[in-house]
Amino acid sequence: MRIEGVIVATVTPFTKDGVNYESLRTLLSKIVSEGYQGVFPTSSTGEVTKLTFEERVKVMEVAKEVAGGRALVVAGTGTGDHLSTIEIARRYKDVGVDALLITPPYYIQYDWAAIYAFYKRVLDKVDMPTILYTIPLATGYNIPVEVFELVANEYSQVVGVKDSSGDFRYHLDLIHLLGKRLSVLQGLDLLFVPSLLMGAQGGVLAGPNFLGRITLEQYRLVKEGKIAEAVALHNKLMPLWRFMGGCGLVGKLGGKWPTLYKVATQIVRGIDMGPPREPLPPIDDKDRRELEKLLKDLGLI
């Protein structure tokens, strides 16, 4: 499997009692119909660590049903140890997802050997197309490129690496050392065009939840060599990304970023997203007004 293009890390709609599967189905249907290459519901943006295992499986069942072979369905583990990762991965495999994205162990800052051992334990037990992942603002550490290289050399089911580090020099190392064998996928919307220009194969991004086909247009422009147009579109979006941030990397609101993506999706698409799941905070009226202005400036509302 060679993953190229845009995989959408979707938000998870909630009611006061649980996941709003009707709204989820509507959102996924719109994203797939817009032509995106894949969907990734159990993501950081989708509040995966706040979903029960049963909710995660049900979310992926809905995604698989909606995609219907028209888009890749990627499932994220969202777990911090190898036993839980193996358990949820096997359940995802039973659902029939197309690929697995493995969340690295978090809470403790692990060394190279521990990270490598974690991947070995999981991949020895789970044989399905797999995307490795680094997200240091959630784990407290960045995974050395050499660890990804070792794991990819040993396990043929590894097909890609998602990079949400925000460290562009590190990202260039991934492209240089792994890009010929694996799909290097940018995890931050604000770095998507620069990544494509330097040779990344695509992105796993949350912006398309509310941007419509804009992210696909960025991808198309780069692939067609229309670099000036791609850069102009990138720069047009920068005020939005500076406000919203991504993984807490930039943005005025820091840890509220998953809520912002959810609110933006409801404003633009008119789908009931409900509240974030605690302890994620809601945004206040001032933040909402600023978000609405930015969306209006882009012609989205």
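Start at 1 and count along the chain as shown; that gives each residue its number.
Backbone N, Cα and C atoms are what each Cβ position is placed from, and that goes for glycine too.
Note that this is a predicted model, so its numbers are computed, not measured.
According to Swiss-Prot:
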- SER44: active site, charge relay system (ACT_SITE)
- TYR107: active site, charge relay system (ACT_SITE)
- TYR133: active site, proton donor (ACT_SITE)
- LYS162: active site, schiff-base intermediate with substrate (ACT_SITE)
In whole Å, how far is the residue listed as 'active site, proton donor' from the residue listed as 'active site, schiff-base intermediate with substrate' when you measure between their Cα atoms?
5
When the number of other CB atoms within 10 A of each residue's CB is tallied over all shown chains, which of the active-site residues SER44, TYR133, LYS162 has the maximum?
LYS162
Roughly how many Å lie between the Cα atoms of TYR133 (active site, proton donor) and SER44 (active site, charge relay system), rounded to a whole value?
12
Inter-residue Cα distance where the pair is TYR107 (active site, charge relay system) and SER44 (active site, charge relay system), in Å:
15
Which residues of the same chain, at least 6 positions away in sequence, have a Cβ lying under 8 Å from the Cβ of TYR107 (active site, charge relay system)?
GLY80, GLY140
